Structure formats: C-alpha cells, structure tokens
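Colleague: According to TrEMBL, the domain 'Formyl transferase N-terminal' annotation covers 27-205. The N(1)-(5-phospho-beta-D-ribosyl)glycinamide binding site annotation in TrEMBL covers G36, S37, N38. According to TrEMBL, the (6R)-10-formyltetrahydrofolate binding site annotation covers R89, M114, R115, I116, L117, N131. Residues annotated as active site, proton donor in TrEMBL: H133. Residues or ranges marked as site 'Raises pKa of active site His' in TrEMBL: D169.
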Amino acid sequence: MSRSVDAPSPASDTLNDFTAEASQARRVVVLISGNGSNLQALIDAQAYDELGGEIVAVISNQADAYGLKRARDAGIDAVALPHREYDSREAFDGALIKVIERHEPDLIVLAGFMRILTPLFVQRFYGRLLNIHPSLLPAYQGLDTHARALDDGVTEHGCSVHFVTEELDGGPVVVQAAVTVDAGDDAASLKDKVHAREHLIYPIAVKWFLEGRLQLGQQGPILDGMPLPPQGLRLSHADAAEELDEE
Ligand code: GRF
C-alpha cells in the first residue's frame, strides 16, 4: 500500500514524539581516574531520584580505577580509556571526545579526573563541564590542597564546584562548602572532612544544571536567573556539619 508523504505515520506521530522527548532523562557522563567516591555520591543521588538525570557512562583514563567497579555495580556503562595508549594529549582528548559524544550527554562531570584537558576538549563541551576541587577556590589550585592549607595554618578550608574553563582549576565557581580546620587535623582527617562536603554539594550542583536552573552565562554562572557571586554560593561549616550530622 502506498501512502502520501504528508500522511502521519503512527510511528512518527508528532505529539507522541514531543511527549517522548520531553520525558527523556537528562544524560550525564562522569570522568574519573580513581576511587570515585564523588561518583558514588552521584550514583546514590540518582538512586534516590535526586540527581535530575541519569548517569549513562563512566569513563576512566586508569583501567584499574575503583570507580569503574562502582559504575558496573550500579549497572552503568563503564569505559576504560588508558591515556598511555595515546601518543599525545591531543590524541587522547580526541579519543575521549568521541567516546563521550557517543553517549550524547547533556552534562560532563569531572569527578577526580586527573588529567589536564586540552583547549579543544574544553571548547567542545564549554558550559556543560563541571569539576569539583578540594579547596575554597581561588585558594589552592592544583594538587596537595589539604597539606598546603595545613602548612599555611589556615582556619578554614573546603571544596568548590566550578564550571571548567581553559584555566586549570580557574573556572567560575558555582558552590562551595567550608570546613573549620581543627588543631588536631592532619592531611588525612582534613581530606575526609572535605570529602564529606564534596559528596554533599556535587549532586546538588549537578541537579541544578540538569533541571535547567544553572547555566554558564557570558558573565559567569547563573542560578534561577540570577548571577552568582564571584565565589559562588557558600555553605558554612556549621550548615554543612548539620546536613552531615557531624558532631
Ligand atoms: C576529590 O577530592 C575531588 O575534589 C578531586 O579529586 C578527588 C576525587 O576523589 N577533584 P574521589 O575519586 O571522588 O573519591
């Protein structure tokens, strides 16, 4: 039987297509290199329907990253893409872009991804790339943040979620959580306290983005239509401690 080109086919009914599209979950790809405790916080949030979307793939540049097991255990596509198999940073990032794009993500979440990204990569996903960093940015960009904070004798430390730009750990901050540094703290105890705060704020920031409440505007991050202050929103030590049921 022939059919006129204008006749709506039952399989491509416009209204049905629209409904299907509107109800589709927002898609997240998470990049890791190691333990993946932040990934686990995102997986847990998704399990409680508190992520605003679905983690469709986890990609690690380290084949033995524990986070890949966390992904598999949660039934998420887990991909090892060892950077050592590529001749250059550009070649690796090119391959990474291809794997990410295959999953058609709305958002790419860096969760302990220990690689410096090329400008090409950052430009490709600009505005939909989030990272979490273990310090109250702009303080302590780079590595060993807890030890450096202790060496300086600071009384307050914390973590920051920020959009990724070409400046390492320099992109605009969305939200921070502070922690008081106690006299008895060492790098390990401080790391644990900061990690707990990371697990608190990262799923929230991801949810804001996936629900369309958070964007990267021309002048910086915008939440619910309002520009955020230069260091983003700040959760105090006391508020975070209360959320986390800390002593
Ligand atoms: C976190 O401290 C995060 O801030 C930093 O890398 C660490 C990753 O930890 N970017 P995990 O793998 O999520 O446990």
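Including glycine, each Cβ sits where the backbone N, Cα and C put it.
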Colleague: Determine which residues of the same chain, besides G36, S37, N38, have their CB within 8 A of the center of the CB atoms at the recorded N(1)-(5-phospho-beta-D-ribosyl)glycinamide site, and list them by sequence.
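Modeller: Residues close to the N(1)-(5-phospho-beta-D-ribosyl)glycinamide site, other than G36, S37, N38: I32, G34, N35, L39, Q40, A41, G67, R70, A111, G112, H199.
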Colleague: If you check the recorded positions S37, N38, M114, L117, D169 one by one, which have a CB less than 6 Å away from any atom of ligand 1?
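Modeller: Checking each Cβ against ligand 1, the ones under 6 Å are S37, N38.
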Colleague: Just to be sure I understand the packing, how many Cβ atoms besides its own are within 10 Å of the Cβ of M114 ((6R)-10-formyltetrahydrofolate binding site)?
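Modeller: Result for M114 ((6R)-10-formyltetrahydrofolate binding site): 15 other Cβ atoms within 10 Å.
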Colleague: Taking every residue in the domain 'Formyl transferase N-terminal' (27-205), what is their average pLDDT?
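Modeller: Taking every residue of the domain 'Formyl transferase N-terminal' (27-205) together, the mean pLDDT is 97.
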Colleague: So, three-state DSSP: helix, strand or coil for M114 ((6R)-10-formyltetrahydrofolate binding site)?
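Modeller: In three-state terms, M114 ((6R)-10-formyltetrahydrofolate binding site) counts as coil.
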Colleague: Using Cβ atoms only, which residues of the same chain lie under 8 Å from N38 (N(1)-(5-phospho-beta-D-ribosyl)glycinamide binding site) while being at least 6 residues apart in sequence?
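Modeller: When sequence neighbours closer than 6 are ignored, N38 (N(1)-(5-phospho-beta-D-ribosyl)glycinamide binding site) has A111, G112, I132, E198, H199, Y202 within Cβ distance under 8 Å.
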